[in-house]
């Protein structure tokens, strides 16, 4: 099950890249940022699908505001 | 991004739908828990504060001179410090969008499709949102215009069918707990949805007609706030404050009470449709603002390539955000207001001061050059 969902995420990311690439060929900067976001978020999704415990940003927000509110 | 504009009326409808979306789920419960039978009063108070907040945003939008919040901040504070501020602004919008997605996901899995895993509900819902954000602001405005009558009609239907079950004694004693709980819970509604209105600083420049669009913003928040008050009032009148506080989805529970002459029942999906529509519009506005904001932050030509990758991140965030219901309740109850306040008021106020100083300086320079 784990393997299948990881595989599915990678296939989805590949499809997104194949769909967007022809449209971005001429715009180098857009292509770079798009690829950067895609790689980062695909990696995060794969980690999540692999049941690796990820840090929750809400925990940091909560502990930050607890400093003031006590 | 691509010179699409919407009319003030479409903008007003988007504001109304944004105000109702997701707040309609999360507001009545915690309010009734603390302010008891006076919960409706605390919404009215926060609405008044919220309207002054909108006047502030309006003044700010005037100073921004047709630039979005991201462009204006970079213009005032320069490339580096401006982007430092914007990182927090954009992360606020991104987290908010993920939490709103989680709201509808939680609702769907507990009440309507319990067998479907949360991820798939989120993915299905987000695909439609991405589609809307891909088509752009004009399509969003037009579809808001199309769905607004439906939301109004369903709300009207909902109110009329519940009218026979209203029990006015549920509202008594008026101010039985004193005025303090009413005041202290009013921060809840200011945090969600009123401070979230800061999202519209990304969309406001794309609205036509400078004069009427300011009125449209204020009127939109007012109507949306009145609808929230109406829903909370109905919850209190029919269920009473104790039952409202106990339920996760009080207004859904309320709709289950609809019973027309003993043969028409099970109409709770009516309120389900209102939720899905309003949350869809809230999501689409947030998603559009996030992707356009990130694109302007990185000075890209188009926001569309970002839509799908950001969506992948948003689904993961929406799933890990709340490990359980207790976490959700403490986060929304305690942390959300200060978090929304720093990003919805302090941060814009900081940029606002910068804008005032800059506009004064520009004026001086103009005077100097005209004299010489």
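Any Cβ shown, glycine's included, is placed from N, Cα and C.
TrEMBL lists B:12-33 (among others) with the feature transmembrane segment. When Cβ-Cβ distances below 8 Å are used as the criterion, the transmembrane segment (B:12-33) is approached by residues 6, 39, 42-43, 100, 103-104, 107, 140-141, 144-145, 147-148, 151, 185, 188-189, 192-194, 196-197, 199-200, 203, 216-217, 219-221, 223-225, 227-228, 231-232, 235-236, 241-242, 244-245, 247-251, 274-275, 277-283, 285, 329, 332-333 of the same chain, each at least six residues removed from its ends.
Sequence annotations record features per position, and here TrEMBL assigns transmembrane segment to B:39-59 (among others).
Here the transmembrane segment (B:80-100) has long-range neighbours at 21-22, 69-70, 73-74, 196, 198-199, 202, 279, 282-283, 286-287, 289-290, 293-294, 297, 310, 313-314, 317-318, 321, 339-340, 343-344, 347, 350-351, meaning same-chain residues at least 6 beyond its ends whose C-beta is under 8 angstroms from one of its own. Per TrEMBL, transmembrane segment is recorded for B:80-100 (among others).
Marked as transmembrane segment by TrEMBL: B:120-140 (among others).
Positions annotated as transmembrane segment by TrEMBL: B:147-166 (among others).
As annotated by TrEMBL, transmembrane segment applies to B:178-204 (among others).
TrEMBL lists B:216-239 (among others) with the feature transmembrane segment. Away from its own ends, the transmembrane segment (B:216-239) comes close to residues 8-9, 11-20, 23-24, 27-28, 31-32, 37, 39-40, 43-44, 47, 50-51, 54-55, 57-58, 155, 158-159, 162, 165-168, 170-171, 189, 193-194, 197, 200, 204, 207, 247, 250-251, 253-254, 257 of its chain (Cβ-Cβ under 8 Å, at least six residues beyond either end).
What TrEMBL lists as transmembrane segment is B:269-294 (among others). For the transmembrane segment (B:269-294), same-chain residues at least 6 beyond its ends with a Cβ under 8 Å from one of its own Cβ atoms are 1, 14, 17-18, 20-22, 24-25, 68-70, 86, 89-90, 93-94, 96-97, 100-101, 103-104, 107, 111-112, 125-126, 128-130, 132-133, 136-137, 140, 144, 147, 150-151, 154-155, 157-158, 199-200, 202-203, 251-252, 254-255, 258, 303-304, 306-307, 310, 314.
Sequence annotations record features per position, and here TrEMBL assigns transmembrane segment to B:306-324 (among others).
If you look up TrEMBL, you'll see B:336-357 (among others) marked as transmembrane segment. Panel annotation: around the transmembrane segment (B:336-357), residues 53, 56-57, 59-60, 63-64, 69, 72-73, 76-77, 85, 88-89, 92, 187-188, 190-192, 195-198, 201 of the same chain, lying at least six beyond its termini, place a Cβ under 8 Å from a Cβ of the stretch.
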Same-chain residues near the transmembrane segment (B:147-166), Cβ under 8 Å, at least 6 residues beyond its ends: 13, 16-17, 20, 227, 230, 234, 237-238, 254-255, 257-260, 267, 270-271, 273-274, 277-278, 281
